[in-house]
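Undergrad: Sending over a structure as structure tokens; questions will come in a sec.
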Amino acid sequence: MALRMLLLLLLLWCSNPGSAENSSLPGPPYNHTNGRLPDRDTGSAVLRLFYVITGLCGLISLYFLIRAFRLKKSQRRRYGLLTNTEEHEEMASQDSEEETVFETRNLR
């Protein structure tokens, strides 16, 4: 019995006084508001924002690089006058049955 009493007194002596919200003992006044944000949270948010922006810029540049190399346009064939006078093309007229021969030697 004395051992139980000693243990009970030891526990009461080591216990913390109750908080102001849940105790019959008055505690010191406590201010729940804090005027500034903790530095650790602000720094990690800025660092996370930096990583997100860097990742987005990397993805956008990768998209444009892939688009530039995959959709490389082949050289367009330029149509103009024939340089060789031996090459003649005959085209049939749809309106009449006459044949028209196009020559390039006098067109320059």
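Backbone N, Cα and C atoms are what each Cβ position is placed from, and that goes for glycine too.
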Undergrad: So which of Asn22, Asn31 shows up as N-linked glycosylation site in Swiss-Prot?
TA: Asn22
Undergrad: May I ask you to name which of Ser24, Ser93 Swiss-Prot has annotated as phosphoserine?
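TA: Going through Ser24, Ser93 one by one, Swiss-Prot flags Ser93 as phosphoserine.
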